[in-house]
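Visitor: Grabbed the feature section from TrEMBL, which reads as follows:
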REGION    20-75  region 'Disordered'
COMPBIAS  22-47  compositional bias 'Low complexity'
COMPBIAS  48-66  compositional bias 'Polar residues'
DOMAIN    104-134  domain 'Zinc finger CHCC-type'
Amino acid sequence: MLSFLLCKSKSNVPRIVARAASTSTSSPTTSNHIATPTSAGPTPSTPVVGTQAPNHASTWSTNQRTRPAAGSGPRFEQTAMQLQPNPLSAMAMIAEEPIRVVDGRKAVCDGGGGPLGHPKIYINLDQPGARACG
């Protein structure tokens with residue numbers, strides 16, 4: 001039997017919560033049969049494959065687990081992963097920036113500002129080749 005509750009979330013939006021009604025009594029029951037476990041719901045035959053970040057599909061290193069595999073196990077069993085933050089990959093954002101040629105031995109990166117930026121840093125260009133800010 002299911003009972004329904006009307007709850008308010010933190011944003012004061014009413015939502016309906018279904019609960020299974022308890023019909024057990026307080027007296028202990030003794031039986032000699034072993035209950036067989038039942039599945040809580042249908043399980044997909046293939047795992048859900050997602051991306052590491054919205055702008056980067058694969059992992060960053062060879063020993064890194066993919067995002068769906070990293071969010072599995074008992075710690076995450078009641079976590080809605082689609083509601084968790086999914087930040088952009090910094091590697092992909094840096095790769096999109098064009099290379100800027102500068103005169104001298106130092107370059108400055110102000111981070112672009114805003115929530116995706118970083119503090120102003122100075123890049124030493126003593127060694128030949130392209131350098132990233134970070």
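Backbone N, Cα and C define each Cβ position, glycine as well.
Keep in mind that what you see is a predicted model, and the values were worked out from it rather than measured.
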Visitor: Across the domain 'Zinc finger CHCC-type' (104-134), what does the pLDDT come to on average, as a whole number?
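Guide: Here the predicted model's pLDDT, averaged over the domain 'Zinc finger CHCC-type' (104-134), is 77.
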Visitor: What is the three-state DSSP composition of the domain 'Zinc finger CHCC-type' (104-134), stated as helix, strand and coil residue counts?
Guide: 0 helix, 8 strand, 23 coil
